[in-house]
């Protein structure tokens, strides 16, 4: 029984090849690993937080992981299946900049209304600061989540309406690579 489970059905494999940037072999490899970590075939938010936390040993990644989980959980059923996992992984790891930015926008847009409010940005940025802990040295104008949020809004909120549209978000990020760094909070880019 366990044997047949470790192979994806041909139609699922074909669907994933069409909708991700992964090869047959990579998809099969990811599937094996996914089943090893999630024998049920579904990942709960608690399991996801545990796995995600392993990547950030010096901080608390649980809040940020919840936001990532919500964005991965495309159908909103409270679990991540292999298809949702691989599609999100494809965008975040191999997607073009615009795809990554759309994905990030959907994570920051907590209420799904098509805009990122200052409060939504602050919530995500605060979660990022908790996650990276004391590992990253921030410039003075980014030393707190509030300061970083203000800086992002100053640079992105073109029409000064106190919220970011998808267009403002994408244009702002494309015109200023430092914003992408601000959004990602990637320790490697410092």
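Glycine is no exception: its Cβ is also placed from the backbone N, Cα and C atoms.
If you look up Swiss-Prot, you'll see 73, 75, 77, 79, 84 marked as Ca(2+) 1 binding site, on the strength of sequence analysis. Sequence annotations record features per position, and here Swiss-Prot assigns Ca(2+) 2 binding site to 109, 111, 113, 115, 120. Swiss-Prot lists 157, 159, 161, 163, 168 with the feature Ca(2+) 3 binding site. Positions annotated as domain 'EF-hand 1' by Swiss-Prot: 40-58. According to Swiss-Prot, the feature domain 'EF-hand 2' maps to 60-95. Summarising the annotation, Swiss-Prot assigns domain 'EF-hand 3' to 96-131 and lists sequence analysis as the type of evidence. According to Swiss-Prot, the feature N-myristoyl glycine maps to 2, an assignment based on experimental evidence.
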Using a Cβ cut-off under 8 Å, which residues of the same chain at least 6 positions beyond either end of the domain 'EF-hand 3' (96-131) come close to it?
56, 59-61, 63-64, 66-68, 70-71, 88, 144-146, 148-149, 152-153, 162-166, 169-170, 173-174, 180, 183, 185
In this structure, which of the binding-site residues 77, 84, 120, 157 has the fewest other Cβ atoms within 10 Å of its Cβ?
77
Given the recorded Ca(2+) 1 site (73, 75, 77, 79, 84), which additional residues of the same chain have their Cβ within 8 Å of the Cβ centre, ordered by sequence?
42, 72, 74, 76, 78, 80, 81
Inside 8 A of the center formed by the CB atoms of 157, 159, 161, 163, 168, which other residues of the chain have their CB, for the recorded Ca(2+) 3 site?
115, 156, 158, 160, 162, 164, 165
Spatial neighbour of residue 120 (Ca(2+) 2 binding site) that is closest, considering only the binding-site residues 73, 75, 77, 84 and their CA atoms:
73
If you count the C-beta atoms lying within 10 Å of each candidate's C-beta, which of the binding-site residues 73, 109, 111, 168 ends up with the smallest number?
111
